[in-house]
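K.L.:
Feature list, courtesy of Swiss-Prot:
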type	residues	note
TOPO_DOM	1-7	topological domain 'Cytoplasmic'
TRANSMEM	8-28	transmembrane segment
TOPO_DOM	29-763	topological domain 'Lumenal'
CARBOHYD	Asn71	N-linked glycosylation site
CARBOHYD	Asn157	N-linked glycosylation site
CARBOHYD	Asn169	N-linked glycosylation site
REGION	617-659	region 'Disordered'
COMPBIAS	649-659	compositional bias 'Basic and acidic residues'
Amino acid sequence: MRFTLKKIFFVFLTLLIISIGYLLLQSVDLQRIRELLHDSEKFDLESLKQASLEIRKEIHYTNYLFSGYDNFTQQFSDEETLKQTSLNDKCKLVFTQWKESHPDFEFKTFEPEYERYDKSSDRKELFFKERINQLRKRFEKDSNNKNKQFTLSRQDNKTISQEYMEHVNRSKNVLQFMADFVSMMRLYGKCFFGRELDDELKSIYNEFRGKLFPFISSQAPKFRKSGETEEFGWPIYDNENNIIDRKTEFGDNPIEFLQKNSKGKGIVISVSTRYAKDAMRLIKILRALNNRLPIQIIYKNDITKKNIELLEFAAVATPEELFDPETIRDGAKFMPELNLLEHYKNYGSEFPIQDLTFVNIAGCVSRPYRFSFPGYSNKILAMLYSSFEEIILFDADVVPTVNPQEFFDSKYYKSSGTYFFQDRSLRDFNDFIETNFFSTLFPSNEKSIETIFDIPRVGEKTFNNKYMTGWRHYQEAGVVAYNKMQHFLGILMMFPLALWSEPVQSSIWGDKEMYWLGLSMAGDENYEFNKYAAASVGEKTTEQKYKYYPNSDSNEVCSTHPGHIDDNGRLLWINSGFSYCKKNGYFRDKGKFPFSTFELNDLVELYNSPIKIRAGLVPPDLPNQREPGSPPDTKPEMEFRKSWKSRKKDTDEINEKLPEGQEPYDFISEWGPQKGWVKNGICSGYYYCAYDKITSYSSEKEFDTGTLFEFDTKSCELYDYLSKIWHTGGSKMKPKVKLETEKLGTGSDKEQXKDATTVRLRI
């Protein structure tokens, strides 16, 4: 057979076309067929839940490894060589490597929504539900689909699944960055804090200060003593606690400056004009309790001149001036039988002049972050920028009922350099994704960069606390006693928590959990909480006709005020001032039980009077909702929450979804309380009733029990006295004064009082 050139050409062309067609089939049709053959993804609810479980296992904190771990360990031939290497050499290596491998490393806030950690990353079924609802709404909105039924195609499911995995991968990357960032902070503390540094380490120390803490500027706060006009810089002390210099700038490394130049003990209050009235009341309460600790008011150019004058007046005026009928006429109606001017000495009050300093930190935050610290986060700035080494941080609206020195003298503070207080044990729960997130920020894994650098790992104390075992509320931060130098890294750890928008902001309530979280993130578990959780303080309900569970033998204390009681049954402080209800007047609540049974005049008098503290009730603690260690399998906690539905309903639940025509329940006679804290609509929802005997969550016993504290007559008289002080303490009247400067010596904190000059204001 002869092959002509023409035939050869056609054969070649045919083979080429077949080859191209085959390749196209391979890349398109066969690829599509291959995809279909391998497309086994299921989208039923159980399959989605199983996929969620696999994701939770994948993102579990035990799988976290510092990004620089392998690069670092590869520089050592064996484990023994690594152990023999000095801390200085390890520090130089780890920071140099990190700089080389991450040249653009800097703090990130993750503020834009498209950058954020997605808390639905472990809930594929929830993600699908939300996206399907969006598709359905879009379908129904389209006028062309009026008579059509919404259906979800397999391709729709696949698109949602792909989008879900994009969110998961983004969240993984964000979590890795955040955990790496916190690891770098721990290494920074280990390598540089409290150590003698050579020039190379000093250079690294200063360089990474800017990378880790770019929000801290080099400008020092401006200090001004009460009654003076001159502002001065940060006080520098010698070894005998004499002030030898003032600094208006922190120098090359503000972190080093702040750590080395904080001295003395004192009270710190973050105040703006919004909270100035509460702060005036607090200062007068402190004087009634004979406080002799110096006070620093931390602000950011956000207190008016008038309010500054009123705060100064509260701090230095004589009792005659404080309780002058013209000054306190708004508060004179409260307990008229108690004449403060005649009786204050009967309560042991000396009303010492307060050593008050205003600390303006407006310039201390770098310009790009000036508006990144609103509200509660100002308290974290106040901790850092107070010049005290040991602080009691007060919210402006708290009321201490003991001399503040007692917080420093407590066994908890003496043993740990901290004294924290527990919140109410409300039955509000958190989710796996939240506790697992925070666990990833803790040093907890054996295979870790922290182990190599001998940084302590956290254990049962952290993982077994109330928050980490599934409950939303653990710490109440109205009062925090804190030794800054002993726990300096813990303060710094709070800043990324305050600046990262998600998942932090939706996982904790303001700053409340940040104090113990910051310490655990630092690998520092040397912190202590008060023995008892928060109590409901007020009057025990004694008349059956006013009780929400009239046939129960559980004690009941209803109040808008949580209080905090020490091991010996003494009330230490309360939240939210002394008003019976500061959110609204009686008018909104007059139709709500038990006030619906009151005579109107009696209700008006109740709302216009301070709360009477006669008892404090601490409800029983809750069992773990989640086992320690954030187990990826959430079925046990879901089953536990499901079991609540089989319990009888409390007054905050029983009126939900009532059958049409059925009268709502004011109270429940047939059974007793099921929860220790039952929320009420009174006072805009700030009113809670506490119970010390509830149906047990355990099948092994009938009841869980708490503790009722009934205060003695002397204590109750003191609380009434303090309530009168508080109600007369927030006058907005601008006093007519002349200034007389005099030397102030408190006698208790020598280092704070040596150069202290104050003023006495005369009406």
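Cβ coordinates are placed from backbone N, Cα and C, and glycine is handled just like the others.
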K.L.:
Please identify, from the glycosylation sites Asn71, Asn157, Asn169, the residue with the sparsest Cβ neighbourhood, meaning fewest other Cβ atoms within 10 angstroms.
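P.N.:
Counting other Cβ atoms within 10 Å of each of the glycosylation sites Asn71, Asn157, Asn169 gives the minimum at Asn169.
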K.L.:
If you average pLDDT over the topological domain 'Cytoplasmic' (1-7), what do you get?
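P.N.:
Mean pLDDT for the topological domain 'Cytoplasmic' (1-7): 64.
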K.L.:
So, in DSSP terms, is Asn157 (N-linked glycosylation site) helix, strand, or coil?
P.N.:
helix
K.L.:
In Å, rounded, how far does the Cα of Asn157 (N-linked glycosylation site) sit from the Cα of Asn169 (N-linked glycosylation site)?
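P.N.:
With distance taken Cα to Cα, Asn169 (N-linked glycosylation site) is 18 Å from Asn157 (N-linked glycosylation site).
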K.L.:
Kindly assign Asn169 (N-linked glycosylation site) to one of the three DSSP-derived states: helix, strand or coil.
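P.N.:
Asn169 (N-linked glycosylation site) sits in a helix per DSSP.
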K.L.:
What does the structure give for the C-alpha distance between Asn169 (N-linked glycosylation site) and Asn71 (N-linked glycosylation site)? Integer Å is fine.
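P.N.:
That separation, Cα to Cα, works out to 23 Å.
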K.L.:
Just to be sure I understand, if DSSP states are collapsed into helix, strand and coil, how many residues of the region 'Disordered' (617-659) fall in each?
P.N.:
12 helix, 2 strand, 29 coil
